[in-house]
Amino acid sequence: MAGEQIGVLNALDVAKTQWYHFTAIVIAGMGFFTDAYDLFCISLVTKLLGRIYYTDTLKEKPGTLPPNVAAAVNGVAFCGTLTGQLFFGWLGDKMGRKKVYGITLIVMVICSIGSGLSFSDNSKAVITTLCFFRFWLGFGIGGDYPLSATIMSEYANKKTRGAFIAAVFAMQGFGILGGGIVALIVAGAFNNSFNAPDYATNREGSLVPQADYVWRIILMFGALPAAMTYYWRMKMPETARYTALVAKNAKQAALDMSKVLQVEFQAEEEKVEKFTSRSSQSYGLFTKEFAARHGLHLVGTTTTWFLLDIAFYSQNLFQKDIFTAIGWIPPAKTMNAIQEVYKIARAQTLIALCSTVPGYWFTVIFIDYVGRFAIQLMGFFFMTVFMFALAIPYDHWTKKENRIGFVVMYSFTFFFANFGPNATTFVVPAEIFPARLRSTCHGISAAAGKAGAIVGAFGFLYASQSKDKTKTDAGYPPGIGMKNSLIMLGVINFFGMLFTLLVPESKGKSLEELTGENEEDQEIEHQVASSRTVPV
């Protein structure tokens, strides 16, 4: 039987959904809106960067970024994000969620602006400066993952906690959508003001000098939502769970939550002292007790996030086929530089509206009814099914008359990624680890995900190249081919299903019940021996 819960934490667990819940969702969610905007807006402008800095007008097609430069521009933010997730996750447990939360925003604002200030005529100088700021931008974004999830988890009630954390993550969909809309507005305005001929008609005239402002404005706009959120983040009190269980300040926890819940709380100093002196509150990350109680859970959250992101970020492989099949993006030489940005932005906006955003919100609606485990298992299952359905008859899908079917299968794959593991891998690590290690463990899980993203976005970009040297994209060596790459992705999703069995169900339980922090000392040994990972 679990020990008695601290009054202020119990009040948070049983609180009805109130205004402060929605405030917390918006404050944390706007950070995720910014994260997604900053991470995904680069894909809207890479073609333009290629045209501006790598076009040779003697060639029939406009310039594109060389493979190594494209990999650096697209991937450097992922490397920064991975580093930031580990560092700020650890720092959030050491200094407190609120203090670190403000630091990540400041880094994001400065680096978003810096990304657009890479002024030079020299391509090397521009790309180097851009990559420098994109790395540190990713570093700030990385901090937002563990901190946003942990703060929302610790503020939420146990009945709707999953929906609240998933709602924060779902703002990522609106961030992707926002990036597309901003690019549409900026590219549309510049194209109307500086109407240029297409590349085939006039190679030099298709790139007006003002096009250099387009990518800078799109990248710098990411600073605006982050700056707007800063004041509200600083007004949020520290979470009661950190203040009481980690900082061990019962008086401050009661005072902060009295303001939030508008109910008077007594400072239960003796109860907090007793609660935090238990052995369940003392073990560290690199201890046998952590390994026994949460080792398999951490293996489960890291491996599933890693495997999910390989599949999720590999979607870049198929987008060019899909956009061409539907006619959303005509051949580059039939457009001027700014028109190309507009067409790419339109395609991304439509994908976000039709597939990305709905999938996230299906998770928000169902996660506290169906449960995290079931949604994650279902998502990986359908991703496996649809990936194999794309891979095995791949030659069938390449025929022009069957390409609409390919688009439908593709859309279902990523709908079930979002109504599935893409959301649950974010939610669960914020619930199942002790308060003093929660942010660190979420950061480790998220960093494993970003490692998967790097494999998915770049490893498979090379792997999917044709086996025939004459059919590879410019600058790429031969690979294993698209069909074999899709089969590999199907196998990866299947392993995601298997590793989900290591992740416990957290629906409807208090955080302290899940982590064992409210157990009496004599219960602990028995609990470790009888703990199970697969929900029954």
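We number each residue from 1, going along the chain as drawn.
The backbone N, Cα and C atoms fix where each Cβ goes, and this holds for glycine too.
What TrEMBL records for this protein:
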COMPBIAS  514-523  compositional bias 'Acidic residues'
DOMAIN    24-508  domain 'Major facilitator superfamily (MFS) profile'
REGION    512-536  region 'Disordered'
TRANSMEM  22-49  transmembrane segment
TRANSMEM  69-88  transmembrane segment
TRANSMEM  100-119  transmembrane segment
TRANSMEM  163-190  transmembrane segment
TRANSMEM  213-232  transmembrane segment
TRANSMEM  349-367  transmembrane segment
TRANSMEM  373-392  transmembrane segment
TRANSMEM  404-423  transmembrane segment
TRANSMEM  443-463  transmembrane segment
TRANSMEM  484-503  transmembrane segment
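Across the domain 'Major facilitator superfamily (MFS) profile' (24-508), the prediction's mean pLDDT works out to 87.
Spatially, the transmembrane segment (404-423) is adjacent to the transmembrane segment (349-367); three or more Cβ-Cβ distances between them are under 8 Å for residues at least 6 apart in sequence. Of the two recorded stretches, the transmembrane segment (163-190) lies close to the transmembrane segment (349-367), with three or more CB pairs under 8 Å once pairs fewer than 6 apart in sequence are set aside. Same-chain residues lying 6 or more positions outside the transmembrane segment (373-392) and placing a CB less than 8 Å from one of its CB atoms are 304, 308, 311, 363, 366-367, 406, 409-410, 412-413, 416-417, 419-425, 428, 483, 486-487, 489-490, 493-494, 496-497, 500, 503-505, 534-535.
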